[in-house]
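Following: one structure in structure tokens, then a few remarks.
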Amino acid sequence: MTFAQYAWLVPLFPVAAFAVLITLGRGAGRQAAWIGTLASLVSLILSLCIAGERLSGTVDEYNAHFTWLQIGNYSLNAGFDVTNLTSLMLVVVTLVSFLVNLYSHGYMRDDERITTFFAYVALFTASMLGLVLSDNLLTLYIFWELVGVCSFLLVGFWFQKPEAKAAAKKAFIVTRIGDLGLLIALLLLFWYMPGNALDFSSIHNVFTTEAGVIAGGITTLIALLIFLGAVGKSGQFPLHVWLPDAMEGPTPISALIHAATMVAAGVFLVARTFVIFQASDAAMTTVAVIGGFTAIFAATIGLAQNDIKRILAYSTVSQLGYMMLALGVGSVSAAMFHLFTHAFFKALLFLGAGSVIHAVHTQDIREMGGVGRNMKITAWTFGIGALALSGIPPFAGFWSKDAILTAALTHQPLLFWVGAVTAFLTALYMARLFFMVFAGNPRGEAHAHESPAIMTLPLIVLAVLAVVAGFVETPFNGWFGEWVTGEKPEAHTSAMVIVVSVAVSLLGVYLGWLIYAKGTVRRDIVSSRIPGLVKVLENKYYIDELYRFILVKPLGGLGKALAVFDEYVVDGVVRMAGQSAAGLGRLNARLQSGQLQGYALTALIGLVIIALAIAGRRFW
Amino acid sequence: MLENIPVLSCILLAPLVGALLVLLLPKQQGSWHRVTALVFSVIPLVLTLWLFASYQTATGGAPYTEHFTWLSIPLSRDLGQDISSMLVNFDYHLSIDGISLPLLLLTSVVSVMAAIASVHVRKRWKMYYALFLLLETGMYGVFLARDLVLFFIFFELTLIPMFFLIGVWGYFAREKAANRFLVYNGLGSAAMLLAFLILIATAGFTAVQGTDGVQIAYSGSYDVLLNNIADPNAYANMDPSQTGDAGLHLSEGLKNWAFVLLLIAFGIKIPIFPFHTWMLRVHTEAPPPVVMIHSGVLLKMGVYGLIRFAAFLLPAQLEDWSTTLAVLGVINILYGAVLACVQKEFKLVLAYSSVSHMGIVLLGIASLNEIGLQGAIYQSVSHGLISALLFLIVGTLYERTGTTQIDELGGLAKSMPFLSGILLTAGMASLGLPGLSGFVGEFLSFLGLFGSMKWLTAIGVLGVLLAAVYVLRSVLGITFGPIPDRWTDIKDARFVEAVPMIALTALIVLLGVFPSVMTDMMQQGFNGLLEQIQQRAGG
Amino acid sequence: MNMLASYLTLAAVLFCIGLYGVIVKRNAIIVLLSIELMLNAVNLNLVAFSKYGVQPSLTGQLFSLFTMTVAAAEAAVGVAILVAIYRARASVNVDEFDELRR
């Protein structure tokens with residue numbers, strides 16, 4: 001017996017918790033919420049066992065599947081795979097989910113729908129676990145959609161807020177654009193793959209050993225469509241717009257979405273189907289360029305935002321760009337490594353932000369300040385997270401970012417510099433965030449106080465992980481990448497990458513300290529000289545407005561036009577047919593005057609005509 | 001246990017008996033009528049469930065078939081020397097197969113739910129329930145009949161109760177809606193009758209060698225037609241120069257005409273753009289339980305007819321017309337979806353979404369492969385359940401608020417969490433969320449069509465995105481957001497309302513998670529058709 | 001033979017005058033009188049043919065006697081209806097009586 005055989009239980013526990021909690025409903029009370037936490041704890045333990053088993057390296061990869069649907073000669077399967085990659089993801093997802101669960105007991109304590117909240121969280125976790133375990137693209141797609149709907153439910157959890165409603169709607173619809181891409185890619189693969197197979201091992205075989213079975217153009221198309229799906233879920237440009245708005249959900253959910261579940265799905269998908277991308281240079285370049293562009297694009301927006309959660313949201317978009325960049329330059333291991341470390345420090349940052357919001361009841365960093373004095377644990381852990389995100393050694397973010405930049409330098413030197421600039425911007429906005437929130441004097445009214453232990457405990461655990469997680473793969477000890485991808489990574493650490501990345505990060509932090517803590521550089525140094533730039537950044541490059549202008553408005557207009565068409569043309573033709581018959585009847589009715597003499601005259605005329613006709617026939 | 005009982009006739013006649021019983025009951029006792037209607041709706045449900053459980057794909061519907069001649073009219077046309085008699089036969093022929101059984105089950109489930117949901121009917125219960133049960137008989141007959149004439153009779157039989165149910169118990173513009181319904185469907189029936197006459201007159205006769213000469217019998221028997229049209233040596237397919245009787249030759253041109261007429265007849269029912277406007281009115285004006293039946297079952301009669309008669313009898317024509325069908329399907333999907341995005345009335349959103357979803361069914365039929373055809377039936381069943389659930393909710397909602405305008409509602413998740421949760425689930429099923437039945441139907445239809453027409457499918461898939469837009473816009477408009485003061489005190493669904501909702505939701509989830517409960521059965525139903533299509537493609 | 005032509009011409013003229021009166025006149029009494037005129041034109045024809053026809057016989061004259069009786073009865077009924085209508089509507093104008101339409 002191996003633990004891997006029971007991997008299907010991992011998502012099953014949260015599903016069971018969901019079923020129980022949603023059935024109990026609102027009346028169950030706060031204590032019932034522990035069911036969800038318990039389920040995620042069990043899942044975590046099982047995941048750790050599975051991962052331990054994989055780490056020991058003594059068991060083979062495990063796959064089990066059954067026929068979900070059999071139609072004639074075609075069969076659609078469902079099943080699960082246990083590999084190093086999936087076991088890693090299992091641990092990340094269950095761990096973050098468990099910590100978020102714990103934290104939520106404190107954060108959501110006073111919410112009357114707390115059981116519903118935990119039910120949704122459990123379903124969210126289960127969907128993501130299912131996605132991770134899927135052994136074929138169809139199963140993955142099913143869980144992919146479920147992840148989407150769960151994030152929709154949670155973003156819109158406070159349904160009475162109009163902003164939450166709009167954000168939930170936006171999150172669902174924008175990611176659905178990407179889902180369409182994935183769906184079409186799925187259809188393409190089904191019909192082009194030999195034997196209509198959709199499982200990842202067949203895909204792997206077809207695209208590596210039997211290259212040429214699927215034409216190059218189709219391969220590129222499939223890869224790009226899959227990438228479209230990933231762009232939607234992972235918030236890459238131009239479908240990133242939903243992610244910052246998703247901040248309307250409760251903060252623990254933001255942590256869950258940004259660290260382990262929703263957005264990681266896109267990166268995971270590309271990593272899982274990486275062979276398809278490798279078979280097409282065009283697709284690889286697209287992934288790298290979009291990733292790099294998103295990284296720097298989101299980082300610049302992050303500089304100008306004032307909402308603590310939005311800054312973190314844009315930093316997620318930016319970091320996901322990094323991961324895509326890594327995938328685009330061919331380094332799955334670097335991408336997965338960054339996904340792994342990012343999960344911890346981003347969850348840490350969001351939970352820390354939640355702790356702050358919980359204390360000061362505002363999300364605007366201009367109204368905060370000096371929070372660190374009263375919230376020591378939050379401040380310290382948040383600081384560790386910020387340093388990790390900024391890529392300061394020896395924190396986790398440094399090592400993974402370094403791996404990405406190294407890969408970028410070897411394959412796309414231009415993108416290396418994009419990444420380096422992004423690293424600088426990241427350090428700068430994180431410094432701005434940290435110093436404006438925790439340093440200086442309080443600017444708002446609210447009096448901050450430390451959160452309860454149930455909220456700080458997850459922070460401490462995550463802070464520890466944010467420090468140590470990076471050491472699994474250092475330039476001196478690269479077993480992690482090999483373990484995850486099964487291939488020995490090219491060893492080519494260059495001193496230049498380390499120097500550049502450390503230098504830009506330190507420069508960013510220093511500059512941030514100068515501006516926002518020490519005040520030697522004036523804050524409006526940029527906005528006073530180029531006011532337009534700041535305005536553009538604050539409005540996120542007007543992407544939302546652009547969408548409204550080129551998509552939403554025309555769709556509404558088209559709908560209204562078609563409504564008129566439907567009412568007056570399609571229905572009008574029918575109405576006209578009916579009315580013309582009725583009109584004809586009315587016309588005939590007019591002849592029926594009731595005037596006896598008129599009738600007589602008509603009869604006479606008719607008689608004459610008949611007589612003439614009969615007489616006339618003689619002459620023809 | 002039930003082997004010796006004519007199960008199919010019992011299914012067919014139980015509601016009719018119920019209707020008569022309701023008419024005999026004293027007028028004042030509303031609850032008696034309700035219970036009678038419910039009981040006589042449950043009987044077919046139990047029987048169809050038994051059929052479903054005992055159905056063997058190996059033997060098909062043969063053990064249940066009931067077939068005897070109902071009416072036989074001698075024709076005194078100038079008989080030739082060898083011909084002893086010439087007859088027109090009307091057969092009573094009921095049977096089931098993998099295609100009709102799922103739809104039969106859908107009918108019984110939706111009927112029972114609609115019967116329960118009829119608690120909100122406030123006037124003239126007696127007439128209401130009598131007509132309701134009569135409508136049920138008509139629907140069962142449509143799915144059971146294996147004789148063209150019998151099918152036509154039952155198809156027409158559904159029109160009359162529907163007309164009165166809309167016209168008497170509907171909302172404000174009910175009479176207009178009822179008239180529009182009757183005019184359109186009358187037109188469709190005329191087209192169907194003409195097509196049936198063409199088929200019966202050319203391919204509907206059998207010649208039996210008796211002792212005193214050949215007995216020739218005309219009948220609308222489905223099996224006879226199926227064999228005669230498919231058999232190249234049958235009289236209908238012979239060249240008129242050989243037989244010397246051009247009137248009995250089913251030429252390619254005639255087949256084409258028959259197909260087009262059938263397409264129009266069932267296209268009005270489905271409805272296919274531009275024949276959809278009558279349906280919008282019925283959706284908005286008819287009472288919710290009737291719309292449950294209408295949207296849940298009656299539209300599927302069109303799908304069933306199209307597959308049973310147009311596709312199975314004339315597969316070659318189906319192949320010729322498949323691109324047109326697919327284009328019509330895509331138009332339906334997008335047209336319905338875009339219009340659903342801008343409606344202010346929730347019932348109209350649902351009506352247009354039905355147009356959109358029935359487009360997906362057309363795509364499945366147009367795909368001409370087993371995946372797509374199964375998808376079409378699956379989508380029909382799933383849409384039937386989902387729209388029944390949605391209109392159940394609409395009825396419950398209207399009962400409390402007196403409006404279904406999206407602008408006037410809002411935030412109802414606060415005061416009616418259960419109903420809102422069900423509404424959200426139904427909406428998710430409608431937009432094709434995996435794990436719920438809508439996804440399977442959509443996915444199979446798209447997957448099937450993608451094998452033959454890639455570009456059209458890719459365009460049609462856009463409908464899935466638009467579905468998300470209109471479902472979320474309307475459902476969130478009703479349940480999310482701040483709650484207006486006047487709705488803060490309304491009560492959540494009562495027990496009698498919640499039971500059918502839970503049952504339908506459970507079915508939707510079941511079909512979404514384990515689609516194979518239905519697909520294995522449907523597989524057998526399509527075998528014959530696929531062989532024919534493949535034969536033609538090969539030869 | 002010329003005699004027959006003259007009778008027929010006279011009858012035709014009378015018939016046309018009667019027809020004109022029936023169609024054009026508004027007063028119901030005049031319409032009734034015009035109908036009498038048309039009937040009498042027919043009577044004239046009957047008598048003329050019975051005297052100068054291809055097979056002269058008394059049948060035609062007999063018929064004209066019948067016609068006169070029927071005409072008298074018709075006039076009596078017609079006038080009675082007219083009186084009734086006049087009592088109800090205080091008018092004998094034909095164009096005001098269009099109840100048939102409804």
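Cβ coordinates come from backbone N, Cα and C, glycine included.
No curator has checked TrEMBL annotations; they are predicted automatically.
According to TrEMBL, the domain 'NADH-Ubiquinone oxidoreductase (complex I) chain 5 N-terminal' annotation covers A:68-118. Helix, strand and coil content of the domain 'NADH-Ubiquinone oxidoreductase (complex I) chain 5 N-terminal' (A:68-118), in residues and according to DSSP, is 29 helix, 13 strand, 9 coil.
Per TrEMBL, the feature domain 'NADH:quinone oxidoreductase/Mrp antiporter transmembrane' maps to A:134-426.
Annotated transmembrane segment per TrEMBL: A:6-25 (among others), in sequence order.
Feature annotation from TrEMBL assigns transmembrane segment to A:32-53 (among others).
Residues or ranges marked as transmembrane segment in TrEMBL: A:85-103 (among others). The list of residues near the transmembrane segment (A:85-103) in space but at least 6 beyond its ends in sequence, with Cβ under 8 angstroms from a Cβ of it, reads 7, 10, 14, 36-37, 40-41, 43-44, 47-48, 50-51, 53-54, 118, 121, 124-125, 128-129, 132-133, 252-253, 255-256, 259-261, 264, 268, 271-272, 336, 339-340, 343-344, 347, 351, 354, 454-455, 457-459, 461-462, 484-485.
TrEMBL lists A:115-134 (among others) with the feature transmembrane segment.
Positions annotated as transmembrane segment by TrEMBL: A:140-159 (among others). With a threshold of 8 Å between CB atoms, the same-chain residues lying at least 6 positions outside the transmembrane segment (A:140-159) that come near it are 113, 116-117, 120-121, 123-124, 127-128, 130-131, 134, 165, 167-169, 171-172, 175-176, 179, 182-183, 186, 229, 233, 246, 248-250, 253, 256-257, 261-262, 265, 269, 272.
The annotation transmembrane segment is assigned in TrEMBL to A:171-193 (among others).
Taken from TrEMBL, the feature transmembrane segment covers A:283-304 (among others). If you look at the transmembrane segment (A:283-304), the same-chain residues 6 or more away from its ends with a CB under 8 A from one of its CBs are 219-220, 223-224, 227, 231, 235-237, 240, 270, 276-277, 311, 314-315, 317-330, 408, 411-412, 415, 418-419, 421-422, 425-426, 428-429, 432, 534, 537-538, 540-541.
Sequence-distant contacts of the transmembrane segment (A:311-329) (same chain, at least 6 residues past either end, Cβ-Cβ under 8 Å): 230, 234-237, 240, 243-244, 246-247, 254, 258, 263, 266-267, 270-271, 274, 277, 284-299, 301-302, 305, 335, 338-339, 342, 346, 349-350, 353, 365, 389, 401, 403-404, 407-408, 410-412, 415, 418-419, 422, 425-426, 429-430, 433. Taken from TrEMBL, the feature transmembrane segment covers A:311-329 (among others).
The transmembrane segment feature in TrEMBL is assigned to A:335-357 (among others). Long-range contacts of the transmembrane segment (A:335-357) within the same chain: residues 85, 88, 92, 96, 99-100, 103, 107, 251-252, 254-256, 258-260, 264, 267-268, 270-271, 308-309, 312, 315-316, 319, 322-324, 326-327, 363, 368, 371, 375, 378, 381-382, 384-386, 388-389, 395-397, 399-401, 403-404, 437, 448, 451, 455-456, 458-459, 462-463, 465-466, 469-470, 472-473, 480-481, 484-485, each at least 6 residues beyond the stretch ends and with a Cβ under 8 Å from a Cβ of the stretch.
Here the transmembrane segment (A:377-396) has long-range neighbours at 315, 319, 341, 344-346, 348-349, 352-353, 355-356, 359, 371, 402, 423, 426-427, 430-431, 433-434, 437-438, 450-451, 456, 459-460, 462-463, 465-471, 501-502, 505-506, 508-509, meaning same-chain residues at least 6 beyond its ends whose C-beta is under 8 angstroms from one of its own. Annotated transmembrane segment per TrEMBL: A:377-396 (among others), in sequence order.
The annotation transmembrane segment is assigned in TrEMBL to A:492-516 (among others).
According to TrEMBL, the transmembrane segment annotation covers A:596-615 (among others).
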Remote residues contacting the transmembrane segment (A:115-134) - C-beta distance under 8 A, at least 6 residues beyond either end: 7-8, 10-15, 17-18, 21-22, 24-26, 28-30, 32-33, 35-37, 39-40, 43, 79-82, 86, 89-90, 93-94, 97, 100-101, 104, 108, 140, 142-144, 146-147, 150-151, 153-154, 157, 250, 252-253, 256, 260-262, 264-265, 268
Mean per-residue pLDDT computed across the domain 'NADH-Ubiquinone oxidoreductase (complex I) chain 5 N-terminal' (A:68-118): 84
Non-local residues, at least 6 beyond the ends, that sit with Cβ under 8 Å of the transmembrane segment (A:32-53): 2-4, 6-7, 9-11, 13-14, 16-18, 20-21, 24, 59, 82, 87-88, 90-91, 93-95, 97-98, 101-102, 104-105, 114-115, 117-119, 121-122, 125, 129
